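Asker: Shown below is the structure under consideration.
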Amino acid sequence: MINNKPIIGIPIGDPAGVGPEIVVKSLTEAEVYEKCNPILIGDAKVIKQAMGFCNVNLNINSIKKADEGKFTLGTIDLIDLNNIDIDELKIGKVQGIAGKAAFEYIKKSVEMAKEGELDAIATTPINKESLREGNVNYIGHTEILADLTDTEDPLTMFEVRGMRVFFLTRHVSLRKACDLVTKERVLDYIIRCSEALEKLGVKDGKMAVAGLNPHSGEHGLFGDEEMKAVVPAIEEAQKMGYKVEGPIGADSVFHLALKGRYNSVLSLYHDQGHIATKTLDFERTIAVTNGMPILRTSVDHGTAFDIAGTGQASSVSMVEAIILAAKYSPKFKK
């Protein structure tokens, strides 16, 4: 170790997608090295290829352990798993070798984080079809990380420009999401989200719970989920000492959070929170996975096979994910 900055592990994602390109571009940014010590987990051949795509010239320092890193701008510190035949890799295509390799990068990152070599990980895009082709039986990052860390139910938070958004429901139909708005579930998530914020070092302010219906139901005129589930859950949480308010109409709650009235918003369904964050700033919307023994941030875009290999992919989101991991990791450890 040369300094006391947090060490952030960055698995390079699906080697046939834009992941290698956006991490290479990210490591040309001085701000990244000002905030942390980044280490890539991937394949040197893939990284060299990505540098060619992006017209970037950086040195590669292959290491076995984190403390061997140089952590200087102009040099990539790399845990080289050497697991890709570059002649067989087809950029921009679904293929098993890429899915299998991407899984191995994640697995190695988690192992290093568990051993204390990494303070956090910032992940890059993987592809569900490539995972399946590679006989990796997971549907995505969160499921992989949950299994590798023995976490039953990870909690996703989005952060963009200081606004934090949690999700009561995620990948279910809107009809199903409405059915899942129960007093018990809302109360459970208020507690879990509050605990997640505390673990991230966010102790000031209060959480807002978004309304489900127009005008939060208007006392039952436009739906009764607020009266039957949301309000009772909030009142019970308040009695338990949690700082939470609501329901606040979804047309205004995110604006109020952005202005600083609330430290976070509990969104009641997937698109309610996604629309708010991504409209505010699509590229800087970063996912933070809570509830695990390790801290993970992630870009919120896919492998972009259509532009992979062209050097066009923006690294803005990747830089943001790395810096956010560096921001929260010292507090997360406490």
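Every residue number used here counts from 1 along the chain in the order it is shown.
Placement of Cβ uses the backbone N, Cα and C atoms for every residue, glycine included.
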Asker: Among His270, His274, His301, which is the one Swiss-Prot gives for the divalent metal cation site where His171, His215 also bind?
Answerer: His270
Asker: According to DSSP, collapsed to three classes, what secondary structure does His171 (divalent metal cation binding site) have?
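Answerer: The residue in question, His171 (divalent metal cation binding site), is coil (DSSP, three-state).
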Asker: Taking only the residues the record lists as binding substrate, namely His141, Thr142, Lys278, Arg296, what is the largest Cα to Cα distance between any two of them, in Å to the nearest whole number?
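Answerer: So the binding residues stretch over 20 Å, Cα to Cα.
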Asker: Of His171, His215, His270, which is closest to His141 (substrate binding site) if I measure between C-alpha atoms? They're all binding-site residues.
Answerer: His171
Asker: According to DSSP, folded down to helix, strand and coil, what is Thr142 (substrate binding site)?
Answerer: helix
Asker: Using DSSP reduced to three states, classify Arg296 (substrate binding site) as helix, strand or coil.
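Answerer: Note: Arg296 (substrate binding site) is in a strand by DSSP.
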